[in-house]
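Below you'll find the structure, written out as C-alpha cells, and then a few comments.
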There are 2 protein chains.
Amino acid sequence: MTRMVEDIERVSVGLGERAYDILIGPGLLAGVGEAAAKLGARAVGVVTDETVAGLHLPTVERSLAGAGLAFDTVRVPAGEASKSFDMLARVVDGLLAARIERGDLVLALGGGVVGDLAGFAAAILRRGVRVLQAPTSLLAQVDSSVGGKTGINSPRGKNLIGAFHQPSLVLADTATLDTLPERELRAGYAEVAKYGLIDDPDFFAWLEANPRAVFCAGPDRIRGIATSCRAKAAVVARDERETGDRALLNLGHTFGHALEADVAYDSARLVHGEGVAIGMAMAFRFSAALGLCPEEDAARVERHLSAVGLPIRVSAIPGPIGGAEALFAHMQQDKKVSRGRLTFILARGVGKSFVARDVDPARALDFLRRELAPAA
Amino acid sequence: MTRMVEDIERVSVGLGERAYDILIGPGLLAGVGEAAAKLGARAVGVVTDETVAGLHLPTVERSLAGAGLAFDTVRVPAGEASKSFDMLARVVDGLLAARIERGDLVLALGGGVVGDLAGFAAAILRRGVRVLQAPTSLLAQVDSSVGGKTGINSPRGKNLIGAFHQPSLVLADTATLDTLPERELRAGYAEVAKYGLIDDPDFFAWLEANPRAVFCAGPDRIRGIATSCRAKAAVVARDERETGDRALLNLGHTFGHALEADVAYDSARLVHGEGVAIGMAMAFRFSAALGLCPEEDAARVERHLSAVGLPIRVSAIPGPIGGAEALFAHMQQDKKVSRGRLTFILARGVGKSFVARDVDPARALDFLRRELAPAA
C-alpha cells in the first residue's frame, strides 16, 4: 500500500519568527533528508541513542544521503542517565567534530531523552544551531518534541539545566510507535490523557470511549496525537517561556517529578509517563480533598488511566518510597518553585485544570501523608 | 570627596523587552545590592574568581547584605581555563545549591572569563535566570559584559559553546580598573581602539590625541568607556544575534582567535586583547595588501596600538607559533565560518570597516605566510 497524503496531519506552532510545523503520520522518516534540505541545511548532525539507531538510523541515513546532505551521527546510550553534563559535552564535541555550522541542522532522532539532550546541544552549539526534532516515542511526539523545552538533569533535580530552543520542524513518524515497547507507549499515553484533563473534556471523553485509539496504527492514532500537539502548540504560543498559562502543562508533573527523583530516575521502577499518571491521579485526589473537584471526576481519571494499564497510586511503584517529607522536599527543589512557594496544577473537574500558587504547604504535606499511608 | 552624580554615565541598550542599562563610573559596586533589590531579586548567586574575590567581594557582600538580600558565592580559579564544561557544571551546581530561582539574579563579578561563564550558567540554570554583569576589567567593561554573548571554550576552539543571554543590568565600576595589572588594562584597550577603527574615526583621533585617557582615573576614562559601550550597544541593538552587522565587532578577532588557539590559550604568552591588537593590525595590513585601504591608515593603526604598548605583529608573541597553514586551519573552525567560507572584517581606512564574505582563501593564506616570514 502506498502512503497517502491524507495520512499526514499538520499542526502549526504560532510563534512569530520562531513558528514551525509539526507533521504527523506514518513513514515521515523516509522524507527527513528532503525536509532538511528544504530548511537550507548543508550538513546534518544526527543525535540518537543505541536502541533507536538500530531501528531507524538506516532509514534516516538513506534519506539524508539521497538528499545530497553531508551527515554524521552521534550515538548516546539509551536511557535517562544520558541527560547529564558529561553526555552533553560529548554530544556537543561530536557536533563540532562533524563541523556543524550555524546554517546547518541538528537532527534529534529518538525519544524524550534524545530530544531534550540534542535540542539542548543545538541550543548551545555556536550559541545556537537549528534543530529538527524527529520523535520516535509517543511521549516525545505528543509532548517533549513540541514547545522548545530542552535540557538535562542535575543530581539536584530533573531538567534543572537547559534552554528554550524551538525546533525548526517536528517530524512525528507514527510508524516508529509500532517498534515501541508496550510500557513506553502506555507511559506516553499519560501525556495524551493530560491534554483532555487540562481543558478539553470532549477529547477526554473520546479517549474514554476509544481507549485503544492511540495504541493502534490508524487514523485514530494520528487524530489523538495531532489533538495533543495542537493543545500543546496553543499553550506554547500563548506563553512560550512559562511565565503563566504554560504551567498548566505540568498537570501531574509536580508530584510525578518528586516520585521520579525519589526512585533516583531508575526507569526499571518508574518512567516519566508513569510518574505523570500517578501525579495526575494525585492532583485530582488532592483537588477533591481540598473540596475543589467532585470525587466523581477524580474517580473518572483513575478509571481511565487504569483502563489503559497506567498506575494511579504511589504503591504501584515497586520498592521502597521515601516518606511524605522526602517527597515534599523534592517538590520544593522543582524549577517551578517561586519565592519558595510551590505551584500546583489543580482541577475543578475533568478539563477544568488551573494553576494554584497559594496552596497551604501543610495541607499538601498532610495529603502526601495520607497517600503514602499503608492503607491507601 | 563624596561621589558625585555627574561621575556616572548611563548607556541604554535598546533591545525591546530585553533592553537594559549600562552604568559607568567609580564606586558603583557599593550600590550593587540596591540595584539587585530594585530588579526584584530575593536571592543573588555571586560568581567570581579568586583574584577578584580578594579585591572586591567584601564590598559586594556588604552591599547585598545591606539591601537585605540572601546571597551565596561561587568562586572559580582566575584565568581562561575556567571557561570549560567542568567549571560550568560546578558553577551551575553551586547556583542550584544556593537555591537561585527564576526570579532571582546571578551576579557576574569579574572580568571577561567570569562574565562569559556566569552569564552562560545563568542562561541555562532553570532554562534561564537573569544576570547582572559587574565587569571589573576594562575588556569586560567595554566589550564582553555588553551584548549578551556568553559561553565557554571547547578544545576545538574558543567560545564555540554558549548562549545569547542579555544581562538585566551592567554596572561598570571604573574604580576597579585601578586594581588591574597594567597588561590587562592595555589588553582591554585594544577593544576600545576597535570601536574607533570600525566606524568612528573621530573617536580614534581622540584616542590618538589622548593615549592615556582610558588608562587613568577621571572623566576621560569614563568618556572612553561610555563611547565604547555606546558603540557596542548600537551594533547589538541592530543585530542581536549576529546575522549581519554585528560581525563588525569581530574586527581583529578572526586572526586574534587563531593566534590564541595556536598558543593553546596560554595567557602567559597571549591574552585576548593582545590577540585582538595583533589581529587588528593584521586586518589593516591585509586590507592594504588587497588594495582596499591606504597604507597610511594601516600605519596609523600600528602607531597608536604601539604607542599604548600593545603588540602589532605575530613575532611579538613569545615562543614558537604554528605556520600559516596551522593558523588558517584554526580560522576555519571559527564559529563565524559559513558554508565553509571565512568571514573577514576588513577596512577601507580608519573608521571604515566592513564585513567581507568573499575573500579568496589563497590570498589569505599567502598573507599569513608573509606575516609569519622571519623577516616580517
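For all residues, glycine too, the Cβ spot is worked out from N, Cα and C.
Listed in TrEMBL for this protein:
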- B:74-186: domain '3-dehydroquinate synthase N-terminal' (DOMAIN)
- B:GLY112, B:VAL113, B:VAL114, B:GLY115, B:ASP116, B:THR136, B:SER137, B:LYS149, B:LYS158, B:THR176, B:LEU177, B:ASP178, B:THR179: NAD(+) binding site (BINDING)
- B:188-337: domain '3-dehydroquinate synthase C-terminal' (DOMAIN)
- B:GLU191, B:HIS253, B:HIS272: Zn(2+) binding site (BINDING)
Suppose we draw a 10 Å sphere around the Cβ of B:HIS253 (Zn(2+) binding site). How many other Cβ atoms does it contain, all chains included? 24
Would you mind checking how many other C-beta atoms are within 10 angstroms of the C-beta on B:HIS272 (Zn(2+) binding site)? 26
Please count the residues of the domain '3-dehydroquinate synthase N-terminal' (B:74-186) that DSSP assigns to helix (H, G, I), strand (E, B) and coil. 47 helix, 35 strand, 31 coil
Other Cβ atoms within 10 Å is the metric here; tell me which of the binding-site residues B:VAL114, B:LEU177 scores highest. B:VAL114
To which of the binding-site residues B:SER137, B:THR179 does the lowest count of other Cβ atoms within 10 Å belong? B:THR179
Does anything in the same chain, at least 6 positions from B:GLU191 (Zn(2+) binding site), have a Cβ under 8 Å from its Cβ, and if so what? B:LEU138, B:LEU139, B:VAL142, B:ASP143, B:SER228, B:GLY273, B:VAL276
Rounded to an integer, what is the Cα-Cα distance in Å between B:LEU177 (NAD(+) binding site) and B:HIS272 (Zn(2+) binding site)? 17
Surrounding the recorded Zn(2+) site, with Cβ no more than 8 Å from the Cβ centroid of B:GLU191, B:HIS253, B:HIS272 and those residues left out, we find B:LEU139, B:ASP143, B:ALA190, B:LYS194, B:GLY252, B:GLY256, B:GLY273, B:GLY275, B:VAL276, B:GLY279
Is it possible to get the count of other C-beta atoms within 10 angstroms of the C-beta of B:GLY112 (NAD(+) binding site)? 27
Between B:HIS272 (Zn(2+) binding site) and B:VAL114 (NAD(+) binding site), find the distance joining the two CA atoms and give it rounded to the nearest Å. 14
